[in-house]
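First comes the structure, then the notes that go with it.
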Amino acid sequence: MSIDTTWLRCPNCFQDLSAIDDRVYGCAAGHRFDRARPGYLTLLPPRAPRTVGDDRKMLAARSALLDGGAYSPIAAAIADVVAAVPPSPPGAALRIADLACGTGYYSASIARAVPDAAFLLADRSPDAVRISLRVLPAATGVVLDLWRPLPIRDGVVDVALNVFSPRNGAEFARVLGPDGRLIVVVPGDTHLQELRRDGAVLEVPAGKAERVGEQLQPFGFEPASSTSIQYLLEADAATRALLVGMGPSAHHVDSLAAAASGDEPTRVTISVDLLVFAR
C-alpha cells in the first residue's frame with residue numbers, strides 16, 4: 001500500500017504534502033504525519049472533534065449486506081456513470097475521490113469498470129479506510145473530516161463520489177477539476193419504507209434529492225443527470241437486521257429488535273436517487 005501525495009495537502013497550513021521517508025509525510029512548514037500500519041494517513045485539522053465515524057459493528061453489517069449483492073444495482077449504476085466521465089487531461093488516469101468511502105464497495109465496483117482509475121479513499125472512520133484499502137490496496141487512504149477544509153489539493157479530482165454521506169459543497173467544488181463531476185446518492189422517499197413503518201429505521205425527509213441540488217447550487221454545481229433506482233429486495237430477518245445495523249438506526253436497540261422480528265421473508269423497497277452535478 002502506498003500514498004500518492006499528488007492528491008494531498010496539509011490539514012494545518014494547506015501546503016502540499018510530500019514523502020519525507022518511507023513512513024512519514026509532511027509539508028514545507030514542518031508538519032509531519034505518520035503512515036499507519038494498514039497504509040493510510042490521518043489528516044485531521046487541529047482541534048478536530050473526537051468522533052470516529054462508523055464503528056466496527058456498523059461496518060461489518062454493511063460489508064455483509066453489500067457483499068451479498070443487496071445494493072448491486074446501485075453500484076452498477078454508479079460505475080456506469082463514472083465510466084462515462086473523461087479524465088483530465090485526456091489519456092490520463094481518471095482520478096476518483098470516494099468521500100465517505102465506507103467499506104470501499106462502490107469504489108471496487110468502479111474499479112472493475114474503469115481498471116486504470118486512481119482512487120483516493122477517505123472517511124472519518126479509520127476502520128472504514130482500513131477495510132477499503134484491503135479491497136483496493138493500490139489506492140491512497142486518508143482519515144479526514146468532511147465538515148472541515150479537506151486535506152486534498154485544489155482541482156485534482158475528476159470524480160467526487162458521495163454515497164449516503166454528508167456533503168461539503170464548498171470543498172467539493174474546490175477539489176474538483178474544471179470538467180469534474182460530483183456524484184451524489186441519497187435515499188428516495190420510499191427507501192426502506194417497510195422498515196420505517198415498523199419503526200426499525202429513521203424517517204427519510206421528503207424531497208431529499210431536490211434539496212441536495214438547492215444546497216449545492218451556490219457553489220457552482222449544476223445538475224447534469226438524475227436517475228431513480230428502485231427495486232424490491234427479498235429480506236429475511238437476518239437481512240433486515242443488516243439493513244438496520246449498517247446505518248444510524250443501529251444505535252437504537254428497539255430498531256434492531258423491530259427489524260429482526262418475524263421469521264418470514266419480507267420484500268423491502270430499495271429506492272435511491274443518483275444525482276450527477278457538473279461545474
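Backbone N, Cα and C define each Cβ position, glycine as well.
Feature list (source: TrEMBL):
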type    : residues                      : note
DOMAIN  : 9-45                          : domain '23S rRNA (guanine(745)-N(1))-methyltransferase N-terminal'
BINDING : Cys27, His31                  : Zn(2+) binding site
BINDING : Tyr71, Thr103, Gly104, His191 : S-adenosyl-L-methionine binding site
Quiz prompt | Chain residues in Cβ proximity to the domain '23S rRNA (guanine(745)-N(1))-methyltransferase N-terminal' (9-45) (below 8 Å; excluding those fewer than six residues from its ends, i.e. six or more beyond) | solution = 1-3, 121, 126, 129-130, 133, 137, 141-145, 148-149, 151-153
Quiz item: How many Å lie between the Cα of His31 (Zn(2+) binding site) and the Cα of Thr103 (S-adenosyl-L-methionine binding site)?
Solution: 29
Self-check item: the domain '23S rRNA (guanine(745)-N(1))-methyltransferase N-terminal' (9-45): DSSP-derived helix, strand, coil residue counts
Solution: 0 helix, 14 strand, 23 coil
Exercise. State the three-class DSSP label for Tyr71 (S-adenosyl-L-methionine binding site), counting H, G and I as helix, E and B as strand, and everything else as coil.
Key: coil
Exercise. Report the mean pLDDT of the predicted model across the domain '23S rRNA (guanine(745)-N(1))-methyltransferase N-terminal' (9-45), rounded to a whole number.
Key: 97
Quiz prompt | Residue pair Cys27 (Zn(2+) binding site), Gly104 (S-adenosyl-L-methionine binding site) - Cα distance, angstrom, rounded | solution = 28
Quiz item: Taking each of the binding-site residues His31, His191 in turn and counting other Cβ atoms within 10 Å of its Cβ, which one has the fewest?
Solution: His31
Quiz item: Who sits close to Gly104 (S-adenosyl-L-methionine binding site): which same-chain residues at least 6 apart have their Cβ under 8 Å from its Cβ?
Solution: Asp98, Leu121, Ile131, Ser132, Leu133, Arg134, Val135, Leu136, Ala139
Quiz item: Once the chains shown are all counted, how many other Cβ atoms turn up within 10 Å of the Cβ of Tyr71 (S-adenosyl-L-methionine binding site)?
Solution: 24
Quiz item: Between Cys27, Thr103, which of the binding-site residues has the fewest other CB atoms within 10 angstroms in the structure shown?
Solution: Cys27
Quiz item: Hey, what's the widest CA-to-CA gap across Tyr71, Thr103, Gly104, His191, the S-adenosyl-L-methionine contacts in the record, in Å?
Solution: 22
